[in-house]
Amino acid sequence: MKLKLNWESALLALLIAEILLFGALNPRMLDLNMLLFSTSDFICIGIVALPLTLVIISGGIDISLGSTIGLCAIALGVMTQAGWPLWLAVSLTLLLGLLCGLFNAALIHYTGISPLVITLGTLYLYGGGALLLSGMAGATGYEGIGGFPDSFTAIANLTLAGLPLPLVLFAIITFLFWLLAHRGRFGRHLFLLGQNPRAARYAALSVNGIPYVLYGLVGVASAVAALVMVSYFGSARSDLGRDLLMPALTAAVLGGANIYGGSGSILGTALAALLVGYLQQGLQMVGIPNQVSSALSGALLVVVVMGRSLSLHREWVRATWRRLFSHRTIGAQQ
């Protein structure tokens with residue numbers, strides 16, 4: 001627990017340092033209203049990164065969430081365009097996200113194939129379905145479906161106690177996932193499953209049932225992200241979630257989730273999501289293109305994974321270092 005708190009404290013310090021650095025380059029970055037309301041641009045990274053963290057802790061992975069977001073978004077647009085009541089369209093969008101997640105879990109359960117391979121396949125499946133729905137609705141390619149009621153598009157711009165509603169929603173979701181992962185029996189079972197699946201089976205845990213919950217949560221969170229993004233942009237597009245996978249995965253791993261399973265932190269992921277989001281925001285404010293921002297996110301993920309891997313093999317690293325150092329010393333003496 002001490003290590004987790006230290007890492008989370010380090011993430012908080014990095015977040016503050018990042019904001020101050022970009023603030024020195026562009027004073028607008030230090031404006032409180034800008035800091036709060038700019039979160040609407042990237043808060044969906046955190047919304048999907050939180051359940052993704054649980055999946056990673058269990059030893060799994062879900063790379064189909066971006067396509068799930070696009071499918072849910074375009075489905076919402078199609079239903080709204082057809083004149084369905086908004087409450088029904090929203091409810092069915094959430095149900096669609098849940099079904100996508102459960103379908104992933106079922107494929108993993110019954111085929112025994114790696115979650116990475118399964119979700120890679122469903123990434124293309126859901127993405128293709130989104131494009132198909134988009135074409136059927138007359139929005140060819142990556143054109144969007146508009147015409148949403150003002151009451152819906154205004155949601156992303158509402159405030160609660162002076163805070164943007166999407167940020168409040170993210171805080172609530174973070175708290176709920178923190179309770180689920182760190183303050184209950186389910187969380188203990190989750191960490192045991194990631195650390196030692198065989199021991200989890202011997203302990204009579206629902207090894208096959210837990211993934212359904214986890215992937216279902218990713219699906220629902222993807223649907224929620226789709227609703228937030230459609231409300232924010234006022235348009236439903238099949239590519240809305242295309243650029244969310246890498247930042248969300250970076251946030252989960254940077255937040256402390258072990259890519260091999262067995263460890264992770266919800267609070268760490270929440271802080272890392274803000275860190276990644278403000279990194280993108282700050283780079284844009286100082287005039288750096290989005291492509292560079294994406295490259296930095298990818299580089300950050302590689303560095304974190306390498307650092308995590310080295311930390312798991314400390315003895316091997318030390319032995320290799322000593323061996324190399326001793327060879328150099330002997331060579332110098334000769």
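Any Cβ shown, glycine's included, is placed from N, Cα and C.
Caution: TrEMBL annotation is automatic and unverified by curators.
Copied over from TrEMBL, here are the features:
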TRANSMEM  6-25  transmembrane segment
TRANSMEM  32-57  transmembrane segment
TRANSMEM  63-79  transmembrane segment
TRANSMEM  86-111  transmembrane segment
TRANSMEM  123-142  transmembrane segment
TRANSMEM  154-181  transmembrane segment
TRANSMEM  212-233  transmembrane segment
TRANSMEM  245-275  transmembrane segment
Exercise for the section: Count, for each of 32-57, 123-142, 212-233, the Cβ pairs lying under 8 Å from the transmembrane segment (154-181), and report the range with the highest count. Expected result: 32-57
Handout entry: Chain residues in Cβ proximity to the transmembrane segment (63-79) (below 8 Å; excluding those fewer than six residues from its ends, i.e. six or more beyond)
Key = 44, 48, 52, 88-90, 92-93, 96-97, 100-101, 104, 116, 119-120, 122-127, 129-130, 133-134, 136-137, 139, 144-146, 148, 218-219, 221-223, 225-227, 229-230, 235-245, 248-249
Problem - the transmembrane segment (6-25) vs the transmembrane segment (123-142): 3 or more CB pairs under 8 Å - result: no
Completion exercise
Per the Cβ under 8 Å criterion, with at least 6 residues separating them from its ends, the transmembrane segment (245-275) contacts 4, 7-8, 11-12, 14-15, 18, 39, 42-43, 45-46, 48-50, 52-54, 56-61, 63, 65-66, 170, 174, 177-178, 181-182, 191, 193-196, 294, 297-298, 300-301, 304-305, 308, 312
